[in-house]
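S.K.: Following this message is one structure expressed as structure tokens.
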Amino acid sequence: MTELKMSVSLFFTLLCGLNVCCGLKEILESYKVEFEQREVDESNGPVSGDSKESNGLVSGDSKESNGLVSDKCMRCICMVESRCNNNIGCRMDVGSLSCGPFQIKEAYWIDCGQPKGDYKTCANDYLCSYNCIQAYMARYIGHSGCPKNCESYARIHNGGPRGCTNPNTMGYWNKIKQQGCTIYS
């Protein structure tokens with residue numbers, strides 16, 4: 001693990017010495033977070049997926065992430081959005097419907113690739129909406145100018161493709177932190 005960090009660090013140091021890149025600290029921090037998350041995930045081993053309780057609430061966290069956003073970060077987003085209630089349905093929010101445990105809007109669902117072919121069906125299904133968020137983040141994190149971490153993902157979820165740079169999403173991030181998540185989650 002140390003050799004990999006040194007190689008990445010050396011690579012970016014050389015590039016910056018040639019004035020090819022800037023923001024070395026942010027780039028390295030992004031890689032550090034990604035590598036540390038993978039190391040934690042691998043050390044915990046696979047665990048069975050989420051289970052649903054009879055009241056519609058989702059319980060149990062998988063330690064193994066199915067995408068960019070860790071299961072812990074996804075759980076915090078879910079808790080802030082709906083208390084992870086699969087039966088929440090759709091509600092009006094800022095002039096348009098937000099549906100399901102992650103309170104996904106139709107434009108968000110379109111941007112994530114329109115899984116299941118129907119917005120409300122996907123948004124109200126925990127696994128489909130979970131995968132939609134993963135696809136949305138894969139599409140936008142590289143263009144956001146932000147590191148790959150829970151704060152960026154949560155703020156993009158709340159504020160759209162550049163939400164991680166919008167100061168108006170800091171209140172949402174504070175709610176995510178109250179659920180026990182950190183940038184390293």
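Cβ coordinates come from backbone N, Cα and C, glycine included.
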S.K.: Going by TrEMBL, tell me which one of C78, C99 is disulfide-bonded to C90.
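M.R.: Matching partner in the record: C99.
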S.K.: Below 8 Å Cβ to Cβ and six or more residues apart, same chain only. Which residues does that give for C150 (disulfide bond)?
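M.R.: Result: V69, S70, K72, C73, C76, I176, C181, T182, I183, Y184, S185.
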S.K.: Sequence gap of 6 or more, Cβ distance under 8 Å: name the residues on the same chain that satisfy this around C164 (disulfide bond), in order along the sequence.
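M.R.: Long-range Cβ contacts: S144, G145, C146, E151, S152, Y153, R155, I156.
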